[in-house]
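A.B. asks: Below are the features listed in TrEMBL for this protein:
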- 1-18: signal peptide (SIGNAL)
- 30-121: domain 'Inhibitor I9' (DOMAIN)
- 143-579: domain 'Peptidase S8/S53' (DOMAIN)
- ASP151: active site, charge relay system (ACT_SITE)
- HIS212: active site, charge relay system (ACT_SITE)
- SER530: active site, charge relay system (ACT_SITE)
- 603-699: domain 'Subtilisin-like protease fibronectin type-III' (DOMAIN)
Amino acid sequence: TSAWIVLTLLLVSVGVNQLAVNAQTERKAYIVYMGAKLKEEHSVESHHLSVLGQVLEGRPQSSASSSHFDLNYSAPVESLIYTYKKSFNGFAAWLTEQESKKVLGAQGVISVFPSRTLKTHTTRSWDFLGLPSTVKRIPEVESNVIIGLIDTGIWPESESFNDNGIGIPPKKWKGICQNITCNNKIIGARFYKGDQDFHSEEERSPRDFEGHGTHTASTAAGREVKNVSYYGFAEGTARGAVPSARIAVYKVCWKKNCLEHDILAAFDDAIADGVDILSVSIGREDIDLADYSESAIAVGAFHAMQHGILTSASAGNRGFLAVTIQSGAPWILTVAASTTDRKFITNITLGNNKTLTGPAINVFPTSEKFYPLVQDEYCEPDEMDQNLTKGNIVLCNQIDLGNDGSGPLVYGAYGTIMIATVGEWDVPYPYPLPASAVTNSDGEYIASYISSTRNATAIIHESEVVYDPSAPSLASITNRGPSILTPAVLKPDISAPGVDILAAWSPKGLVSRSGYDQRSVMYNIVSGTSQACPHAAGAAAYVKTFHPTWSPAAIKSALMTTASPMKTIDEGESEFGYGVGQIDPVKAVNPGLLASKGGEALLNYPSMAAYYEPDSPITAHFPRSVTNVGFANSTYKATISNQPSLNISVTPSVLSFKSLNEKQSFIVNITGGVRQRSGVVTAWLTWSDGTHSVRSPIAALEK
């Protein structure tokens, strides 16, 4: 018996040792974080390959659990999965445990850690914002808050809008429901089409045939619904910020066209109906040069503000360029889109065993065989060569908002690979067929592979969900400020999750951006400032449940001065891209100080923007007042973040309060030397009493 015990222990020891060896030689995905973005972006990938070249060992045996594609790579270019260079410096690579330890010792490396595959939940955006389902709530007050959405309507049968356990509407409510059946959750539904030009498939009702309005409504105030997903992705419990709040919808958009006269009519009704918060994910595609008095959204939001209603509006989705901001009026909460720590990636394996990674939401299962890979110069439905396309994977030269995979789908392609523009690289989109997107450099590599190989082939893998350590960062699609009409007001105001948001959808709406996509879903993954906007509206509603009497300016101030800093900032980005940072609903309930109370938003804004002439000194003065809503007896001290280019002083630098709602005033003075180059110079003013931190950005921009 003792001999068997000894033998058993020996075998176990050998097995454990073998497992340890396997663990050290098995390649897994690791993230290598190297800090701030390098200035020379074009050389970042070369540097990462150099680091890998110093640590990679031979060709260790890979296990089936490592990945669903071949990992027997030892060359740096084969090991590299993803280069992070747009917002921060780092990379992802297939490494053994031993190699990961070696990388940690390389110059400039801050941390190395395994890339975690998360169990996704559709509530991820609210959890990421620190607003879990278990957070403190006041249900009886929350049910008195009414969020109005001016959008494409709503799909009332969605489980996200059930009224189980919700009582009758508040007495203040004066709205109606037109041609659909409402309940105690959806308490108002109107539709607007002044020209009465209805298409044959359109219904004369607030019913949503697009999906957009249903998505925004459930993001802001949807009920908790378990076991929802997008074709198995992001499975979990869907919910909004305020699940007990009421919803009122105002359908003004038909086939994605939203006429301003309909919009203004919707504002008019919503104000009279008694909504508390308005969410408006609508704007122009080009630069909006119209005066505020000639803009339906600006006019409507101004009157809403005068009636105690805060309007949250999307900043726009054209991205990159300055002075493209939408809905930039000072009385609007203008919302940019930011990322969460959940990221969708799709891998492509070429016939030469090269694997590339790109942003896409590909729900189609990984194929068991390689498909022929071809390149078509044009990928629009009326321009493709069917003889070249049918049954193959097609490389398309360019992807923008109009290239949605329709061409390859119509002409019978098995799948498609899109070369993504820089402005969409961080935004995965769903497609109507197996697809992924690649960078321009990867696209050139694939094109070269096709042209140099007699029978080029590829596999498009089903998407994976990975942890994104760079979040929150600004989504590249977000329009930038400043506002042309009121440049002295820093815009956008704030950022909120707007990438890969899963929420309720209309079964009549398109699942992807392709009009040829015949699939139907009840929950869909969508990205854009349209998704960020209802996050901000929901956060505002959450704050209002604790402070029902606060004005729009007070709620806006609370949201802005308690926002969290962005974790990753591109060198070309600034507060004119992401505002004060990412929204934090829980902190906003107890901000300590309010930058404005009542209707003084124009004169007492929570942020500060100054402008300077090239090669000229910067001089600016910002008088501000704050109201104490923290502790009755409190003392706040001012601190300024380090900014060598600016001399900033605050007078007085200490504010002492003896009672709640007491007001104090101060002046921020800014001077600076001659600026030798154009750009944005930023700093932060923080008032702190030891418990509360009230942050305000200070940005100086060349005229």
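Easy rule for this one: first residue shown is 1, then count along the chain.
Glycine is treated like the rest: Cβ placed from N, Cα and C.
Caution: TrEMBL annotation is automatic and unverified by curators.
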A.B. asks: Within 10 Å of the Cβ of HIS212 (active site, charge relay system), how many other Cβ atoms can be counted across all chains shown?
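C.D. replies: Its Cβ shell of radius 10 Å holds 25 other Cβ atoms.
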A.B. asks: Would you mind reading off the Cα separation of SER530 (active site, charge relay system) from HIS212 (active site, charge relay system), to the nearest angstrom?
C.D. replies: 8
A.B. asks: Cα-Cα separation of HIS212 (active site, charge relay system) and ASP151 (active site, charge relay system), in Å?
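C.D. replies: Computed Cα spacing between HIS212 (active site, charge relay system) and ASP151 (active site, charge relay system) is 7 Å.
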